[in-house]
Every structure is written in C-alpha cells, then in structure tokens.
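Remarks on the structure that follows.
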Amino acid sequence: MFSFSVYNYFLVVVLYLITTECSTTFAPGIVPAKCLQCLCDIETKCKPADCYGGDGPITCGYFQISKAFYDACGSPGSSWQQCTKDKYCSTLCVQNYMNKYINNCVQPNCLNFARLHFGGPSGCANPNTLLFALRVNKCSES
C-alpha cells in the first residue's frame with residue numbers, strides 16, 4: 001500500500017509553489033510590476049502566445065517581442081522564441097529595453113514605457129503609439 005506522509009505532501013507543495021513562482025514572476029527593473037502586468041494583459045491576456053506575423057515583423061510570447069526588440073534588449077535567455085515564452089525572461093528583456101531607450105522620452109512613466117514597447121526607440125515621438133499607450137496607462141492607474 002502506498003503511504004504518503006504529511007512531510008512528503010508538504011515537500012511537494014513547497015516545490016510546486018517555488019517552481020510556479022519562478023516561472024510567473026516579473027523581472028525587477030525600471031518598469032513597475034503594475035505597468036508590466038497591464039502591458040502583458042493588453043498584448044496577450046498575459047498568455048505565452050505563439051509567434052504571429054500579421055502586417056509587421058514576427059512577434060512572440062507574453063509581450064509580443066520581435067527579434068529586433070530581443071536583440072536590442074541584450075538577448076537574455078537561450079533564444080528569442082524561448083525567452084518570449086518565459087515570463088521572467090521576457091520581462092527581463094522589456095526591462096532592459098526600457099532602460100536602454102527611456103531617455104528618448106520626456107519622463108519614465110507607464111505611458112512612455114508603453115509607447116516605447118509599441119513603437120520602438122522613437123515610440124514616444126510617434127503619434128501612432130498614443131492610443132495603445134493610453135490603454136496601458138489607464139489599466140496601470142486602476
């Protein structure tokens with residue numbers, strides 16, 4: 001007969017929580033967690049989305065990161081597509097990207113992080129990024 005002690009059950013639960021927490025945590029950095037969560041929710045409902053080409057470059061993962069964005073963020077993790085499907089790695093990429101380009105904007109806030117994310121290094125000066133950024137910003141203020 002199989003015997004599963006309370007101690008063994010406790011270990012299984014702890015290991016599950018540790019591995020789950022590690023794979024769902026946002027990387028720390030200049031972009032606040034609430035803003036990252038809103039970016040993630042608006043891009044993909046915060047799911048590790050498949051790659052999509054649509055009308056522009058191919059983008060993948062939680063934040064719909066393109067290969068150019070990934071290269072600009074310092075290429076963390078083992079590969080572009082693997083990183084985009086890992087929440088911690090993809091947020092590390094977003095954090096690195098924002099650190100690199102936030103000086104192109106007037107101030108570091110969620111509105112401008114969203115504009116950079118959507119429009120690239122000159123996103124804060126591009127009027128086409130404003131609608132997306134306003135959605136992210138509204139979410140981050142709620």
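Backbone N, Cα and C atoms are what each Cβ position is placed from, and that goes for glycine too.
Features of the protein shown, as given by TrEMBL:
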type: SIGNAL; residues: 1-22; note: signal peptide
type: DISULFID; residues: Cys35-Cys110; note: disulfide bond
type: DISULFID; residues: Cys40-Cys46; note: disulfide bond
type: DISULFID; residues: Cys51-Cys60; note: disulfide bond
type: DISULFID; residues: Cys73-Cys93; note: disulfide bond
type: DISULFID; residues: Cys83-Cys89; note: disulfide bond
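In the three-state DSSP reading, Cys73 (disulfide bond) counts as coil. Per Cα geometry, Cys40 is the residue among the disulfide-bonded residues Cys40, Cys46, Cys51, Cys60, Cys93 nearest to Cys110 (disulfide bond). Neighbour counts of Cβ atoms within 10 Å were compared for the disulfide-bonded residues Cys35, Cys40, Cys46, Cys73, Cys110, and the top value is held by Cys35. The disulfide-bonded residues listed here are Cys51, Cys93; among them, Cys93 has the most other Cβ atoms within 10 Å of its own Cβ.
Note on proximity: of the disulfide-bonded residues Cys35, Cys40, Cys51, the one nearest Cys89 (disulfide bond) is Cys40, by Cα distance. For Cys51 (disulfide bond), the spatially nearest entry among the disulfide-bonded residues Cys35, Cys40, Cys73, Cys83, Cys93 is Cys83, judged by CA separation. Summarising the environment of Cys83 (disulfide bond), the number of other Cβ atoms within 10 Å of its Cβ, over all protein chains shown, is 21. Within 10 Å of Cys60 (disulfide bond), as judged by C-alpha distances, no disulfide-bonded residues are found among Cys35, Cys40, Cys46, Cys73, Cys93. Cα-Cα distance from Cys93 (disulfide bond) to Cys46 (disulfide bond): 15 Å (rounded to the nearest whole number). Cys83 (disulfide bond) sits 20 Å from Cys35 (disulfide bond), taking the Cα positions as reference. A coil conformation is recorded for Cys51 (disulfide bond) in the three-state DSSP classification, outside any helix or strand.
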